[in-house]
Structures are given as C-alpha cells and as structure tokens.
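Look at TrEMBL and you will find 143 tagged as active site, nucleophile. Summarising the annotation, TrEMBL assigns active site to 226, 263. The domain 'Alpha/beta hydrolase fold-3' feature in TrEMBL is assigned to 71-238. Positions annotated as motif 'HGGXW' by TrEMBL: 74-78.
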C-alpha cells in the first residue's frame with residue numbers, strides 16, 4: 001500500500017503513468033529552453049566544488065540591484081530530475097521583475113540525503129552572499145524539492161556566515177516525514193536508515209524551531225489528485241508549523257489544496273502567468 005501511495009504517476013488522472021511522467025519532463029525541458037532563449041542568464045554557476053553544485057540564474061529585463069530572488073528545488077524523489085529541465089516558472093516570474101534561480105544538487109545514488117540538504121543550504125547562502133541587496137529570497141520546492149526547501153526552515157545559518165533574507169516558502173506536493181519512504185522501492189537508491197529518515201524529517205523537528213522572521217509566510221500546497229498519503233503529509237506538516245494557530249512565535253503558515261491538478265500538473269501550471277499557483281507566488285512576493 002505504501003508503494004502504491006508513494007508512486008505519484010499512478011495517481012495521475014488525465015494521463016497514464018508513463019505519459020504523465022513523459023509530459024512533465026517535456027514541459028520542463030521546453031520551459032528551460034524557452035527561458036534560456038528569452039532571459040539574460042548565468043548558467044551552471046558553481047556554489048561549491050562538487051560536480052552537481054551549480055545554479056542557473058535568470059534575470060528580469062529591468063536592471064535593479066535589489067531584486068527579489070526565487071529559488072527552485074526540483075523534484076524526482078531525490079534521484080531523478082535536474083536543474084536543466086526545471087525552469088518551469090522563469091517566464092511568468094521574470095516578466096514581473098523576479099530573478100529566478102534553479103538549483104542543482106547531487107541526486108542519489110551519487111548524493112546522500114544529508115549531502116543534498118547541505119548542498120541546498122549552501123546554495124541559499126551563496127545567493128545571499130552574491131546578491132546581498134536582494135529584496136527577499138523565496139524558496140520553492142516540488143515533491144522531493146519541497147522536502148529540501150522545508151529543511152531550510154531548520155537550517156543553522158551561523159556556520160554559513162550569512163543569514164539569508166528569507167521572505168517566503170512555497171512547499172508544493174512535498175514529503176515531510178520520510179519514515180514511510182524507508183519501506184518503499186524509492187529507498188533502493190536512497191539507502192536511508194530509519195535514523196537517516198528521522199534526522200531528515202522536518203515534520204519531526206519544525207515545531208521546536210523559532211523562525212528568524214515570524215512574518216515569513218510558509219505556504220503548504222497539495223494537488224487535488226495527489227495520493228491520500230501526499231495529502232496527509234502536507235496537512236500534517238502544516239498542522240505542526242509553529243504559529244499556524246497563533247500569530248506570535250511562529251511562521252505565517254497557510255494551506256492550499258489546488259483543484260483539478262495531479263502531482264505533476266501542480267508544477268507544470270506555473271509555466272502560465274494566470275495559474276492559481278503563479279498568482280499566489282506573485283502576490284506573496286509583491287504584497
């Protein structure tokens with residue numbers, strides 16, 4: 001049952017499993033080709049020494065020192081996908097004056113989950129150091145990428161020598177309690193022990209963390225046609241976010257179930273400027 005629940009392609013409504021994955025990949029590739037042809041960009045910029053430690057930065061046409069920066073961590077169960085096919089939201093965000101950073105990291109089996117969390121942390125610190133006068137850093141992740149973005153709520157920035165100007169989190173169809181993953185075929189590449197899973201589960205730790213900026217919004221989003229386990233994961237993570245019931249002492253958390261989308265369509269739609277999720281993102285950045 002866990003195996004079935006954690007295979008998102010099996011829950012795709014409009015397309016069969018194979019077709020859903022193929023379409024998702026195709027849309028990501030096309031969006032990336034378009035973004036690289038349309039916007040001024042810095043590609044494959046190293047934020048560390050490892051092969052996979054690269055970001056692509058896309059800039060809006062208006063040259064401004066203080067741009068908002070939107071960082072995206074791709075999904076693929078920590079073992080598929082890359083920054084080179086994940087520039088879904090560059091067009092609609094750059095058109096509105098947002099710089100977009102698509103973050104690469106070493107997927108399994110090359111990278112361990114601990115390494116990926118460390119890489120993503122360093123990518124955020126890198127953007128803050130390189131663009132210190134930014135107008136806010138917004139983190140967004142899809143699926144496994146939402147897990148990595150959520151781990152940034154727990155990051156200890158002191159050892160990175162910089163406190164990033166975090167202004168918002170968008171956690172899209174994520175997994176926040178990794179224990180169930182240990183018992184699925186996804187763990188063949190990941191090789192997670194129970195201890196690894198618990199150490200890297202923001203669900204178990206976020207309640208103990210004091211946010212640096214209590215006004216920082218955290219949006220937890222799930223698609224109507226995501227599996228029941230993905231719904232449970234998102235809802236329970238939203239529930240444990242400190243401050244989701246009290247205004248003081250926590251993040252400004254909100255929960256959104258997007259109608260008529262599955263696990264893949266939920267991020268495919270951010271290629272369109274008028275999609276619900278794109279509008280929520282822009283409203284958060286420019287509120």
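Glycine is treated like the rest: Cβ placed from N, Cα and C.
Source: prediction; values computed, not measured.
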- Query: Short question: which residues 6 or more past the ends of the motif 'HGGXW' (74-78) have a Cβ under 8 Å from it?
  - Reply: 28, 85-86, 102-103, 107-108, 111, 113, 116, 141-147, 173, 186, 189-190, 267
- The mean pLDDT across the domain 'Alpha/beta hydrolase fold-3' (71-238) is 95
- Message: Tell me the Cα distance separating residue 263 (active site) from residue 226 (active site), rounded to the nearest angstrom.
- Response: 5
- Query: What are the helix, strand and coil residue counts for the motif 'HGGXW' (74-78) according to DSSP?
  - Reply: 0 helix, 0 strand, 5 coil
- For the residue listed as 'active site, nucleophile', the number of neighbouring Cβ atoms whose distance to its own Cβ is within 10 Å equals 26
- Message: What's the number of neighbouring CB atoms sitting within 10 A of the CB on residue 226 (active site)?
- Response: 26
